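Read the structure below first, then the notes.
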Amino acid sequence: MYFLIGVLLFLVALGIPVSFSIGLTSLFYMLKEGLGVITIPQRMVAGIDIFTLLSIPFFILAGNLMNTGGITKRIFRFASSIVGYIPGGLGHANVIASIIFAGMSGAALADAGGLGTIEIKAMEDEGYDTEFSVAVTAASSTIGPIFPPSIPMILFGAFGGVSVGKLFLGGAVPGLLIGLALMIMIYIISKKRNYPIHNKFDLGEIIESFKRAILPLFTPVIVLGGILLGIFTPTEAAIIASTYSLILGTFIYKEIKMKDIPKIFFDTAKTTSIVLIIISTASIYGWLLCREQVPQTVATALFSITQNPHLIMLILIGFFIVVGCFLETTAAIIILVPILVPLSTNLGIDPLHFGLVMILTLMLGLSTPPVGVVLYLIADIAKIKFERAVSATLPFLVPIFIVLLIITFFPQIVLFLPNLLIK
């Protein structure tokens with residue numbers, strides 16, 4: 001066990017990409033133990049040979065199509081019209097747009113890369129500090145993986161044996177609470193720094209921008225409605241979302257040209273390949289951890305400290321925060337879910353509740369060094385140093401952490417909708 005953990009941490013500390021660090025650690029361990037390395041490709045294929053995972057490339061494709069097809073611009077204009085009159089209007093619009101976009105794509109990087117380009121420029125043009133614009137954009141992009149649909153939820157459902165539809169519903173209220181918490185903080189800071197309102201309340205502009213955004217706004221309705229009504233599975237929902245986005249961008253808004261299609265598909269394939277490499281190597285690593293009886297060791301260690309479910313959840317939250325700082329979310333979920341879901345079940349913790357807490361905690365890692373992939377992307381968009389982006393964003397993680405504690409101690413916030421709508 002110590003070999004697996006120690007070598008992985010050492011390789012990550014050297015700056016080797018996470019997927020290669022996991023794969024090399026697994027290879028070194030198998031050679032050391034005299035295990036047949038032919039198992040490696042077998043486990044890699046088995047790790048991604050799951051029907052539910054087919055939804056991942058299609059949700060990524062949907063996000064890329066929306067960014068290229070002018071859908072993100074329409075979403076941001078609509079969001080600006082409904083909250084632009086509040087102090088710090090564009091900051092609030094940033095959050096609202098992220099919630100709407102999250103209901104279409106479910107990928108934090110798609111949110112940060114697509115909306116971030118529009119939002120940061122718009123906020124800077126109106127006199128907002130660059131650091132503030134970056135911080136709001138980074139923090140709000142974490143809503144994507146917690147608000148349905150969500151790629152991390154798909155992974156958790158696939159490897160934890162939990163209904164993806166229930167996970168989607170369970171993330172709705174926490175996602176809205178995060179948005180509300182961020183907007184409260186934006187309001188307080190905006191009043192203190194005297195940031196401008198974007199526009200006066202204009203019902204005509206709200207109606208006009210709604211008309212322009214109404215077709216994209218139907219995407220989450222189609223996706224979630226179809227899943228809840230049993231019309232299609234999450235995988236089929238992802239295909240429908242990407243097809244719908246392609247139709248909107250190509251035939252309705254006519255912003256996607258034939259010359260754009262190859263790049264959209266290439267970017268989707270590139271992002272998907274990164275995710276699948278992490279999943280396949282992490283599946284080997286997770287299997288080796290189980291071989292070393294790590295689940296039993298972890299359970300024994302935790303029970304020796306306390307058997308109080310709330311205290312154990314707090315310990316695990318601290319653990320997830322540390323893990324999220326060093327491991328990509330995808331790898332962390334694949335490795336930890338098979339180990340910790342049985343543990344949570346034995347403690348009487350609902351796997352659905354545990355999954356949402358785990359995913360939200362790991363999402364904090366997207367905006368914290370040294371991995372912090374969202375921060376690297378947004379810092380690059382804003383043309384500022386990574387260190388400045390980190391210092392600006394960390395305070396905005398506080399309201400997200402408060403929401404995390406609330407849903408940890410009040411599980412019905414997560415469980416109410418799934419229990420009500422899915423029997």
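Cβ coordinates come from backbone N, Cα and C, glycine included.
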Where TrEMBL places transmembrane segment among the ranges 45-66, 133-154: 45-66
Close approaches to the transmembrane segment (398-422) from elsewhere in its chain (Cβ under 8 angstroms; 6 or more beyond its ends): 139, 142, 163, 165-167, 169-174, 177-178, 181-182, 184-185, 228, 310, 313-314, 317, 349-350, 352-353, 356-357, 360-361, 363-364
Selection from 45-66, 78-101, 167-189, 210-232, 238-256, the stretch that has most Cβ pairs under 8 A to the transmembrane segment (268-288): 45-66
Residues from the same chain, set at least six apart from the ends of the transmembrane segment (78-101), whose C-beta lies under 8 A from its own: 63, 66, 72, 110-111, 114-115, 119, 122-123, 126, 128, 132, 136-137, 140-141, 143-144, 147, 175-176, 179, 182-183, 186-187, 189-191, 195-202, 205-206, 208-210, 212-213, 216-217, 220
Remote residues contacting the transmembrane segment (45-66) - C-beta distance under 8 A, at least 6 residues beyond either end: 72, 101, 104-107, 110-111, 114, 149, 151, 154-155, 157-158, 164, 216, 219, 233-235, 237-239, 241-242, 244-246, 249, 256, 264-265, 267-269, 271-272, 275-276, 279-280, 282-284, 334
